[in-house]
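Asks: Have a look at this one before I ask anything.
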Amino acid sequence: MRYLTAGESHGPRLTAIIEGVPAGLPLTAEDINKDLKRRQGGYGRGGRMKIESDQVEITAGVRHGKTTGAPITLNVTNKDHQKWLEIMAVEDIEDRLKTKRKITHPRPGHADLVGGMKYRFDDLRNSLERSSARETTMRVAVGAVAKRILAELDIEIANHVVVFGGKEIDVPDGLTVDQIKELAQQSEISVVNQDREQEIKDYIDQIKKEGDTIGGVVETIVGGVPAGLGSFVQWDTKLDAKLAQAVVSINAFKGVEFGVGFQAGYRKGSEVMDEILWNEEEGYTRRTNNLGGFEGGMTNGQPVVVRGVMKPIPTLYKPLMSVDIETHEPYKATVERSDPTALPAAGVVMESVVATVMAQEILDKFSSDNLEELKAAVAAHRDYVKHF
Ligand SMILES: Cc1cc2nc3c(=O)[nH]c(=O)nc-3n(C[C@H](O)[C@H](O)[C@H](O)COP(=O)(O)O)c2cc1C
């Protein structure tokens with residue numbers, strides 16, 4: 001399964017084409033819309049999120065409620081585009097209109113300046129429009145399709161925020177993927193510990209008043225994963241490495257860890273490796289899951305636990321200093337739009353890209369022209385590894 005996304009932040013619409021989804025998968029626009037809505041929610045977001053209630057239109061690859069195996073095309077209209085008709089026009093326009101919303105004061109922490117240098121733009125809006133996190137709408141849409149495939153195979157995925165602007169959320173031990181999903185989705189800030197909810201919301205309000213922003217750490221967990229996805233035979237076949245790339249490809253994500261992650265650098269081997277057990281009902285299991293479900297670039301049958309760190313949103317309402325690219329004089333950076341944090345929304349994006357990579361790997365490994373064929377192949381593999 002492969003996909004591409006296209007579309008600008010204020011252009012007419014965003015598009016994704018996905019190829020390689022098995023035929024016979026039940027799929028509706030609603031399956032995708034519910035995740036698009038989650039991406040637009042979360043405490044601390046305002047403005048455009050209220051204008052844009054995103055709705056997907058499926059224009060290819062699905063017939064009578066089921067995929068046909070043909071490429072699937074997904075479209076989301078940017079309702080806001082109506083206010084940007086001239087600024088984002090495809091056709092050339094009069095020069096005097098071109099300076100409307102022209103950007104010459106690049107925002108630190110964004111693609112504005114370097115994108116301008118690379119593509120030789122005199123209007124940095126060309127960098128802004130495509131590098132904007134608005135693109136993650138389509139990654140969530142693609143992820144929703146991937147999650148439909150995973151759900152058919154009894155693979156569940158959830159995300160929750162574990163650090164909010166330096167404040168660590170203590171997570172109760174022993175929560176299942178379903179419990180994490182339910183608790184995080186009930187919370188406006190995607191945390192599983194409701195006792196911390198008000199304190200964090202107050203902190204977000206305070207940051208907003210200060211005209212500042214915060215980032216944090218999101219954890220995504222995938223349960224029901226069969227052992228043996230990914231491979232050790234080549235650097236680019238390792239599944240943990242593919243997941244790392246997908247997570248760092250999300251706007252503002254700066255690092256990834258699996259299981260205990262960077263803590264492994266502070267512990268002894270006996271405190272990191274997961275001892276191997278076997279029982280008739282489950283087959284191979286582990287005493288712990290410190291390695292987050294990966295050994296040798298392959299899933300080991302334990303839940304995949306991956307964390308991503310998001311930097312604070314770079315646009316500040318108390319703007320940072322920048323330089324005018326026409327005069328080289330110091331200026332305050334352009335403020336396009338901002339929120340104190342987008343961490344809960346970013347968690348939905350992370351869950352979506354992780355689901356997409358997991359589904360891609362499954363479709364690569366197993367026979368998958370049709371959903372029933374895929375289900376039979378995965379079931380046979382699960383049975384084999386259990387009695388290995
Ligand atoms: C869900 C989500 C929403 C975001 N919203 C904003 C925003 O409103 N304003 C902003 O300046 N950056 C926002 N960002 C971050 C920027 O898109 C990102 O920092 C920028 O494109 C530069 O990319 P880099 O941080 O990966 O280098 C958001 C990121 C995500 C994941």
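From the backbone N, Cα and C atoms, a Cβ is placed for every residue, glycine too.
Because the structure is a prediction, the values reported are computed rather than measured.
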Asks: According to TrEMBL, R130, S131, S132, N251, A252, G296, K311, P312, I313, P314, T315 bind FMN; identify which of R96, R101, R337 is listed for that same site.
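Replies: So the FMN site in TrEMBL includes R130, S131, S132, N251, A252, G296, K311, P312, I313, P314, T315 plus, from the candidates R96, R101, R337, R337.
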Asks: I want to verify one value. Collapsing DSSP to three states, which class is S132 (FMN binding site)?
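Replies: Going by the DSSP assignment, S132 (FMN binding site) belongs to neither helix nor strand, so it counts as coil.
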Asks: Listed binding-site residues are R39, A252, I313; which sit with C-beta under 6 angstroms of ligand 1?
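Replies: The ones that qualify, in sequence order, are A252, I313.
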Asks: What whole-number distance in angstrom separates the two most remote CA atoms of the FMN-binding residues R130, S131, S132, N251, A252, G296, K311, P312, I313, P314, T315, R337?
Replies: 42
Asks: Tell me which residues of the chain lie with their Cβ under 8 angstroms from that of S132 (FMN binding site), as long as they are six or more apart in sequence?
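Replies: Result: E8, S9, N251.
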Asks: In whole Å, note down how far the CA of R45 (NADP(+) binding site) lies from the CA of R130 (FMN binding site).
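Replies: Taking the Cα atoms only, R130 (FMN binding site) lies 21 Å from R45 (NADP(+) binding site).
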Asks: May I ask which residues of the same chain, at least 6 positions away in sequence, place their Cβ under 8 angstroms from the Cβ of I313 (FMN binding site)?
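Replies: In sequence order, the residues whose Cβ lies under 8 Å from that of I313 (FMN binding site) (at least 6 apart) are T213, G215, A252, S338, D339, P340, T341, A342.
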Asks: Here are some binding-site residues: R39, R45, R130, K311. Which one has the most Cβ atoms within 10 Å of its Cβ?
Replies: R39
